[in-house]
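Found this in TrEMBL, in case it helps:
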| type | residues | note |
| --- | --- | --- |
| ACT_SITE | A:Lys79 | active site, charge relay system |
| ACT_SITE | A:Ser154 | active site, charge relay system |
| ACT_SITE | A:Ser178 | active site, acyl-ester intermediate |
| DOMAIN | A:24-466 | domain 'Amidase' |
Amino acid sequence: MQLHYLTAHQLHDMLVSKKISAEEITRSVFDRIEQVEEKIRAYVTLTKEQAVSCARLVDKARMEGEALPPLAGIPVAVKDNMCTKGVRTTCASKILYNYIPPYNATVMEHLNEARAVMVGKTNMDEFAMGSSCENSALFTTCNPWDTNRVPGGSSGGSAAAVAAGEAILALGSDTGGSIRQPASFCGVVGMKPTYGAVSRYGLVAYASSLDQIGPFARDVTDCALLLNVICGHDPLDSTSAPYDVPDYTSFLTGDIKGVKIGVPREYMGEGIDPAVREVIKKAIDIFTGLGAVLEETTLPHTEYALPAYYLIAPAEASSNLARYDGVRYGYRAEDAGDLVDMFVKTRSEGFGPEVKRRIMLGTYALSAGYYDAYYNKALKVRTLIKADFDRAFEQFDLLLGPTAPVTAFKRGEKVNDPLQMYMVDICTLAVNLAGIPAISIPAGMVDNLPVGLQLMGRPFGEGDILRAAYAFEQNTDHHRKLPE
Amino acid sequence: MAQYEAVIGLEVHVELKTNTKIFCHSSTEFGADPNHHVCPVCLGLPGVLPVVNKKVVEYAIKAGLALNCQIASFSKFDRKNYYYPDLPKNYQISQYDLPIAEHGHLEINVNGTDKRIGITRVHMEEDAGKLVHQGTISTTPYSLVDYNRTGVPLIEIVSEPDMTSADEAVAYLEKLKAIIQYTGVSDCKMQEGSLRCDANISVRPVGQTELGTKAELKNMNSFKALHKAISYEIERQMEVLEDGEKVVQETRTWDEARGVTLSMRSKEEAHDYRYFPDPDLAPLVIAREWVDEIKASLPELPDERRKRLVSAYGLPEYDAAVLTTTRELADYYEQCVELFNNPKLVSNWIMGDLARMMNASGQEIGDVRISPAQLAKMLQLLDKGTISGKIAKTVFEEMFNTGKDPGQVVEEKGLVQISDAGLIDKVVEEVIAANPKSVEDYRAGKEKAIGFLVGQVMKSTKGKANPGMVNKLLKEKLDK
């Protein structure tokens with residue numbers, strides 16, 4: 001039976017009704033991996049043995065009459081920047097290629113409690129810096145819809161794994177759009193939760209004030225189920241919010257009558273591929289048809305999101321990545337003359353060009369004499385962007401727009417032009433600066449490539465977003481399309 | 001030669017006495033095997049996050065209050081970025097523009113003059129680890145890192161440049177140490193590095209208002225070293241100015257063995273620490289009620305206690321100042337006085353014999369084996385005449401070395417004072433008979449000769465004869 005293209009909730013029903021076993025699910029996914037991984041290259045590390053024994057434990061529990069939680073036995077792929085005890089965690093960087101963490105990230109503990117099955121660790125842009133997965137120091141992942149194209153980034157491996165049937169669900173991290181944009185390119189559901197909703201403990205930091213772990217899934221229901229598992233306060237993370245996590249599936253009613261949705265004109269104008277815009281316009285019609293009230297609005301500081309992001313994120317990254325110096329773990333350059341030489345050579349050889357570029361940008365932005373002109377000013381812009389959203393959410397329950405200005409581009413197309421590459425995240429960056437939640441769901445196709453629709457909500461308004469996304473999904477079949 | 005004056009400010013690092021580190025649950029115990037007290041968080045492994053230890057904030061507030069500081073209602077942690085192998089994250093979590101406490105002061109007394117020294121700020125930070133070199137740092141073939149100390153909580157106390165001499169700097173540090181020790185937030189052991197001091201020193205011609213170029217002095221780990229290093233550095237800078245040259249802004253280290261300060265790095269090599277707010281730690285909002293609660297928990301501090309010792313026990317100022325240098329010593333004194341109500345006599349013994357033996361053996365009051373109750377008992381024996389003053393010194397020494405009760409020492413060594421008139425009388429007779437020359441001298445008017453005869457009696461009774469009775473009996477017999 002072809003189980004790898006089913007959803008987690010479908011598989012759970014079959015598991016509970018004893019039509020299948022967890023081991024069969026896991027083996028089906030690994031069979032699929034054997035079949036397509038050579039072309040897709042989504043995984044850095046596969047953990048088959050561990051996965052099978054984990055699945056067997058689920059089957060044993062079921063035999064013994066235990067009630068199975070919704071994600072028990074469900075194969076999940078994990079981005080390779082989340083620490084997995086005993087399983088190497090590389091961040092797709094040469095500098096961590098041999099690093100095996102002695103502890104689990106909090107999300108991994110949650111997945112284990114939920115009895116989900118980890119398939120492996122997925123490829124990404126090095127240290128989550130990039131928008132195409134081409135910055136991986138290991139290899140490039142391909143888009144399952146067209147292997148000449150990128151899967152998006154930086155969580156491209158996770159998005160591609162779900163799209164290609166190499167996992168049922170996946171975890172990614174989103175610092176400036178790194179879940180939503182690859183979800184858009186790969187035609188799957190991807191969500192960035194509110195900053196503080198999911199613990200960052202064990203997520204190898206890129207930019208601490210922006211990073212957030214979130215789910216990839218094939219439909220909105222699965223997204224809600226995975227969100228249920230990973231959300232919640234963590235005493236190990238000071239920035240994690242103390243709040244009561246609702247059952248996110250309870251929002252999946254199909255009813256969005258009277259919901260007020262704003263469409264910021266900044267997300268529909270220049271820079272957006274007209275074909276992408278057409279798909280979003282059609283989506284707007286569907287929402288209107290479902291009884292939602294849509295209206296144009298404005299987020300006037302949107303154009304400053306990109307420059308603000310490219311000061312704040314690199315500034316934090318320059319500090320967060322200082323620990324990779326060859327002293328304690330990871331790569332160490334050989335033949336260094338003295339201590340400083342060892343630091344310099346290790347970092348010069350260990351980091352890829354994009355990581356170095358951002359470390360230098362960040363170091364410069366934080367330097368004495370430039371701090372106020374750059375970093376501090378960027379923080380002020382961040383405040384203005386947040387205020388834009390606050391104002392908009394006084395009037396609207398949700399905001400809507402495209403996830404990315406384009407569909408998946410060809411490999412190598414933008415890799416030599418960093419600025420052009422940065423523009424791909426133009427629709428997603430502001431959400432991270434504001435700390436609000438947002439989802440990308442499949443909304444249609446252009447030239448046989450998926451287009452993502454982005455829904456943004458109030459802080460901790462994940463439920464509202466899921467409600468609208470689910471209603472859209474129930475009335476379309478974009479999420480059922482599969483790559484060949 | 002022109003007249004110069006020195007301007008000195010101190011930066012003091014104090015290790016807080018919490019059980020666990022500032023951002024994780026690892027132990028802060030001193031002296032464990034290398035890398036024994038470490039976890040992913042204090043090792044700064046990829047993905048870890050700091051969570052602030054509430055006790056650290058409480059202790060920092062307590063120290064700030066004891067130093068008369070204003071406590072911030074809003075404070076935050078910043079990152080101080082620099083590369084060093086003993087710093088796991090290559091940044092130190094510290095506080096930059098919004099420290100926990102500011103604008104405090106303390107009083108010192110130098111040569112009978114009172115002076116107020118300003119405290120600029122008190123801030124919290126994590127300690128770094130320790131590099132172990134084989135031989136010296138420049139010749140070692142490799143270095144090992146011990147991360148036990150990384151993440152141990154520190155407060156840094158920065159003074160205003162209000163001191164003008166080595167004496168003042170030492171007095172400031174002594175007072176600071178006493179105050180912090182009284183609060184109980186640190187044990188302030190300089191030899192274990194839980195109190196460390198750097199000094200900023202500049203010199204200018206008397207009458208000049210702007211400050212001279214300063215040097216930062218590091219690596220002084222005792223009061224003696226601090227005094228010597230500052231004195232040396234003031235002298236050095238004066239000579240530089242006198243030679244018509246300029247003092248270079250730099251960091252200097254104190255070379256204890258050679259008794260000189262040496263250049264470590266100049267301003268050109270100074271770090272740009274690229275401070276910015278640590279995005280992993282939420283800002284601290286300090287509730288007024290909490291500060292009030294901590295304030296209410298502050299013990300009596302050295303200055304108040306000194307004044308109380310003078311007024312309650314009638315002690316001289318000098319005694320009170322010495323006895324209050326540490327909370328333990330003052331506690332020891334007061335416990336003793338409670339059991340033996342002769343405040344000045346107790347003070348004399350503590351400042352005299354006890355202090356002398358502590359110094360000789362390098363002990364602190366906490367290490368002393370004589371309990372306050374035992375000292376009180378000994379003083380009672382002395383008071384009752386059971387032992388003489390001279391025997392008391394012997395008994396005390398034995399108590400100090402063995403921790404035995406005074407009664408036991410007296411009994412074991414047979415040191416009870418002989419006040420039996422018959423017994424003494426017999427010895428006196430013997431001494432008179434054996435020393436006719438001295439008897440003759442005395443009777444011929446040489447008053448001093450009696451001293452020799454008393455000595456002979458004491459010698460033959462092994463010092464146990466009651467000296468008053470010996471004197472009296474001798475005189476009676478010789479004057480017959």
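Here the Cβ of each residue, glycine as well, is placed from N, Cα and C on the backbone.
Set these features in their place in the structure for me.
All chains included, 31 other C-beta atoms sit within 10 angstroms of the C-beta of A:Lys79 (active site, charge relay system).
Counted within 10 Å of its Cβ, the other Cβ atoms near A:Ser154 (active site, charge relay system) come to 36, all protein chains included.
Of all Cβ atoms in the protein chains displayed, 36 besides its own lie within 10 Å of the Cβ of A:Ser178 (active site, acyl-ester intermediate).
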Between the Cα atoms of A:Ser154 (active site, charge relay system) and A:Ser178 (active site, acyl-ester intermediate), find the distance and write it as a whole number of Å.
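Pair distance, Cα basis, whole Å: 5 Å.
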Between A:Lys79 (active site, charge relay system) and A:Ser178 (active site, acyl-ester intermediate), find the distance joining the two CA atoms and give it rounded to the nearest Å.
11
Per DSSP, A:Ser178 (active site, acyl-ester intermediate) is which: helix, strand or coil?
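DSSP call for A:Ser178 (active site, acyl-ester intermediate): coil, neither helix nor strand.
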